[in-house]
Amino acid sequence: MEDEELAESLFVAQQPGNIRIISNGVGSNDTSASASGVTVVLLLSAFVTACSAFTGGFVVGYSAPAESGILADLGLSTAEYSVFGSTMTIGGMIGAVISGKLADIIGRKNTMWILDIFYIMGWLAIYFAKGAWLLDLGRLSLGFGFGLTCFVAPTYLSEITPKILRGGFTSVTMAMIPFSLTVAYLIGSVVNWRALALIGAIPCLLLLFGLFFIPESPRWLAKIGREMEFEAALQRLRGKNVNTSEEAADIKDYTENIQQISEDKILHLFQQKYAYQLIVGIGLMVLQQFGGLYGFAFYMDEIFELAGVPSIIGFIVVSIPEIPAIALGSILIEKFGRRTLLMISATGECLGCVLTGLSFLLQSLNWWKEATPTLVLSGILVFKASYSLGVGAIPWIIISEIFPINVKGSAGSICNLVNWFCSLLVSYTFNFLVEWSSAGTFFLYASMSGLGVLFTAKLVPETRWRTLEEIQASLITHS
């Protein structure tokens with residue numbers, strides 16, 4: 001009973017007439033620069049975090065263009081190469097399980113140090129590999145780093161960024177994953193697999209260098225009681241001439257009060273007061289993966305081959321809209337909100353899968369076969385642009401926003417693990433589904449994206465223009 005009363009007091013504290021007055025989603029008592037200023041430190045922090053996400057996408061995209069070279073140079077069998085591909089997912093799931101707790105114990109920044117070490121070790125192991133065992137070890141290490149990245153990157157950014165910039169900054173950063181996946185395909189078509197591994201290590205080195213110059217998350221510092229460091233980190237992020245006293249007071253008050261409710265343990269998540277957030281978080285992870293991204297990502301060559309499209313032409317064409325889509329998404333996310341953009345993005349994914357499925361259906365019926373390559377390219381182009389617009393980033397943004405800091409680690413680990421498990425299901429079942437029906441496979445993905453639109457419209461909360469404390473206090477009382 002005391003927990004419910006405290007949660008209610010937290011919610012009331014965020015309402016008009018109390019801590020801050022909300023008008024059209026913007027705190028009217030905010031110091032303007034504190035609320036919306038872009039500083040060099042903030043930009044550098046976002047860039048460093050984006051390097052970790054870019055590396056993760058490069059890891060996913062590496063195996064397809066490297067396959068023929070590795071098989072020829074090292075004499076691996078197809079089965080051995082399949083093990084090499086799947087070890088990334090195993091490493092990712094291990095990283096996902098510990099990501100939340102690790103980031104809570106040692107901090108967001110220190111977790112990025114660790115994931116970067118695993119990234120660098122992984123790329124070097126692959127580069128120097130003379131046989132299957134070192135290849136697999138390197139891929140496992142890369143997957144582990146990527147598993148940590150999926151939680152800590154959006155969490156760190158959401159905790160350091162002003163509320164009216166949070167969506168755009170995090171959107172661009174997490175969109176680096178699908179973008180770098182395509183970059184890996186394109187570069188891999190013109191360099192050998194060892195050179196591609198060294199190129200994959202370049203953003204890791206940028207991350208390593210940048211970590212020396214960025215602050216720890218102020219909200220994490222507040223949570224563990226390092227008050228002076230908390231205030232110093234917040235001041236660096238907002239600018240030395242900005243008055244951060246009001247923002248700092250709000251963060252400290254909320255953090256102190258929310259930690260009285262319960263500690264960060266997995267079992268505490270399965271209480272009624274967190275049920276809504278958990279349903280939303282897990283549902284968004286399922287939506288992101290069951291739309292079929294990894295089916296497209298891991299088997300792009302096979303899709304182009306089935307459609308009679310030269311791979312290099314296909315990769316170039318489908319990569320063209322990604323940068324404009326990422327830029328557009330970062331702008332529209334604060335203009336139209338997370339929910340609206342997510343529904344638009346999932347609808348576009350649905351359309352892309354329908355076009356791709358339709359091309360294979362016409363091919364199987366021997367109707368209008370000359371149009372198959374155009375329809376396939378159009379479908380993949382629409383799918384990847386739509387994914388980059390919203391579905392690739394927004395689920396991670398919302399998950400980093402909706403869970404209170406006292407359960408964020410455990411909740412993030414669960415959602416992260418669900419995401420990796422769903423990606424494993426999609427990548428494992430893709431070939432079986434294509435053998436059953438090429439057209440049916442993409443129509444199935446289209447139906448999942450359609451269900452995602454309904455799920456978003458019905459259950460996903462809008463979080464734009466609100467501080468993390470305002471979002472989380474309101475959601476505690478939702479159930």
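Just so you know, glycine gets a Cβ as well, placed from its N, Cα and C.
According to TrEMBL, the feature domain 'Major facilitator superfamily (MFS) profile' maps to 45-464. Annotation comment: TrEMBL describes 38-61, 81-100, 112-134, 140-157, 169-187, 193-214, 274-300, 312-333, 340-362, 374-399, 411-430, 442-460 as transmembrane segment.
Of the candidate ranges 81-100, 169-187, 274-300, 312-333, 340-362, 169-187 contributes the most Cβ pairs within a distance under 8 Å of the transmembrane segment (38-61). In this chain, the transmembrane segment (169-187) lies out of contact with the transmembrane segment (411-430); the count of Cβ pairs under 8 Å, excluding pairs fewer than 6 apart in sequence, is fewer than 3. Confidence across the domain 'Major facilitator superfamily (MFS) profile' (45-464), taken as the mean pLDDT and rounded to a whole number, stands at 89. Contact between the transmembrane segment (374-399) and the transmembrane segment (274-300) is supported: at least 3 Cβ pairs lie under 8 Å, counting only residues 6 or more apart in sequence. Contact count against the transmembrane segment (193-214) (Cβ pairs under 8 Å) is highest for 112-134, out of 112-134, 140-157, 169-187, 274-300, 340-362. The transmembrane segment (140-157) makes contact with the transmembrane segment (81-100): 3 or more of their CB pairs lie within 8 A, with pairs spaced 6 or more apart in sequence.
When each of 81-100, 112-134, 274-300, 312-333, 442-460 is scored by its Cβ pairs under 8 Å to the transmembrane segment (169-187), the top-ranked stretch turns out to be 312-333. Tertiary proximity for the transmembrane segment (81-100) is limited to same-chain residues at least six positions away from its ends with a CB under 8 Å from its CB atoms, namely 59-60, 63, 67, 70-71, 111, 115, 132, 135-136, 139-152, 298, 408-414, 416-417, 419-421, 423-424, 427.
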